[in-house]
């Protein structure tokens, strides 16, 4: 049967539960176990798809089209398992399903309550997501003590009672601050968060202590005594330069031995050779490139988490220190298109996004890259922006724009597609008045690349599969005009619509843009061919 590891957090949020959980998963996977991961989000939103990036950060898209928490991106980068919509659910989804059952009469007129109906639905979803795996690591979002988390914590308490200690393990992440004025490490916050857990029936088996320095032996003994946890199960999670150092850091403290003993897992020794190579490559680069990322969410870089990591992965596989400079597209717009800050950059990237704010600043950045032969990579909106700039400045389509920004523009080269065929053959429709949630082209889609194109050379294939998240498409009515002006359509969707998927410029050192999100499938072990090619282009531009 599947063994469960439940990861919770206390004291404050943003301690790195996702990284800790993913690191444990990576270690267990290296010991030969088939591991999956789940993220349980206590918010009432159905999913993060319509949440502001400033509040929630990046929305990570799975292969099957689920819009999920960015932690699922960490999961896929740390382990080989591919996440699906079963690996993530929220309070909103739980209540939505329970209420739907009540409306259908599934509860036979009974009073629907948090216990047992909500907790039963949570447990059902956990078991569904974990089915078929040796170990499932379940991260509970939020902080112990938050009212929103209580049904989830009660559900995992019940699972411990039902499955037993040898099939479940509680790992609790706590903050252990260092007070500089006193010159002391303080364990009281950890004592209080464990007390909070005990009050709801949860006893941590492992305490992972987030610290900015190594934990002294006496403090470890103190935490073990007051929190009723074995001393060897008090594990330090220290600040590191790269998150990819975390698996080795936790393994060196024996966390996997504690887990395998309690869960009675008879497995091989851990082999972290691959992780050691990754860390060595990060710490010993031979080259340096500077890449400008021009967007509107630059004040919260978590909005571009997978993209940042994908560039780092490309750095690993090209022995390059990729230095990212975030450029606010609104500031370019407000300064009459001043792009002087881009002159020292080796390459320019415009990522995805929504809304009209900062668009003209992004267009100015694309124009600079095209006219000055600077390597350019556009992703999702970044492709649409590149196409709008080309339509205006090269193809002569005055008033070219997207209907997302100007519904009555003279040349809608990017528009809302109202009907398309999904990967399973069904037809979906949408219009301008449709709800924002659930009206996007989502998940992995087949893409056909033109023989001899830059796209085909980068991927080494004419058939690829990449993940999407967008509502607006290139208007195919304008494609002939754009192609006559020299634009190359390097890739189109495999469906009957033949939607534009990639564009490139033949008379430019390296100019490529795609409608899909390749960053969602990059990982440190393999990287991604598109980002590797982009970093190589930046290196070539630097040498030139």
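Each Cβ is built from the backbone N, Cα and C atoms, and glycine gets one as well.
Sequence-distant contacts of residue 380 (active site, nucleophile), defined by Cβ-Cβ distance under 8 angstroms and a gap of at least six in the same chain, are 351, 352, 353, 469, 470, 514, 515, 516, 517. The active site, nucleophile annotation in Swiss-Prot covers 380 and rests on sequence analysis.
Annotation source Swiss-Prot lists active site at 517 (among others).
Per Swiss-Prot, active site is recorded for 519 (among others), and the stated evidence type is sequence analysis. Under a cutoff of 8 A between CB atoms, and with a sequence separation of 6+ in the same chain, the neighbours of residue 519 (active site) are 306, 307, 309, 310, 379, 528, 531.
According to Swiss-Prot, the feature UTP binding site maps to 13, 186, 187, 188, 189, 190, 191, 222, an assignment based on sequence analysis. Secondary structure at residue 186 (UTP binding site), taken from DSSP and collapsed to helix, strand or coil, is coil. The Cβ of residue 186 (UTP binding site) lies under 8 Å from the Cβ of 176, 177, 178, 179, each of these being in the same chain and 6 or more residues away along the sequence.
The feature CTP binding site is assigned by Swiss-Prot to 13, 146, 147, 148, 186, 187, 188, 189, 190, 191, 222, with sequence analysis given as support.
Positions annotated as ATP binding site by Swiss-Prot, on the basis of sequence analysis: 14, 15, 16, 17, 18, 19, 71. According to DSSP, residue 71 (ATP binding site) is assigned to a helical segment.
The annotation Mg(2+) binding site is assigned in Swiss-Prot to 71, 139 on the grounds of sequence analysis. Sequence-distant neighbours of residue 71 (ATP binding site) (same chain, 6+ apart, CB under 8 A from its CB) are 17, 18, 21, 22, 39, 60, 139.
Other C-beta atoms found within 10 angstroms of the C-beta of residue 381 (L-glutamine binding site) number 25, with every protein chain shown included. The annotation L-glutamine binding site is assigned in Swiss-Prot to 353, 381, 382, 383, 384, 404, 471 on the grounds of sequence analysis.
The domain 'Glutamine amidotransferase type-1' annotation in Swiss-Prot covers 290-544. Per-residue pLDDT, averaged across the domain 'Glutamine amidotransferase type-1' (290-544), gives 91.
Under the heading region 'Amidoligase domain', Swiss-Prot lists 1-265, citing sequence analysis as support.
Annotation for residue 187 (UTP binding site): same-chain Cβ neighbours under 8 Å, separated by at least 6 residues, are 176, 219, 222, 223, 226.
Least crowded of the binding-site residues (15, 19, 147), judged by neighbouring Cβ atoms within 10 Å of its own Cβ: 147. In the three-state DSSP assignment, the secondary structure recorded for residue 380 (active site, nucleophile) is coil. For residue 189 (UTP binding site), the nearest neighbour among the binding-site residues 14, 382, 384, judged by Cα separation, is 14. Under 8 Å, Cβ to Cβ, and six or more positions away along its own chain, residue 16 (ATP binding site) finds 173, 210, 237. Using the Cβ center of 353, 381, 382, 383, 384, 404, 471 for L-glutamine, the list of other same-chain residues with Cβ within 8 Å runs, in sequence order, 352, 354, 380, 385, 402, 414, 470, 472. Candidate binding-site residues: 13, 19, 147, 188, 190. Nearest to residue 384 (L-glutamine binding site) by Cα distance: 19.
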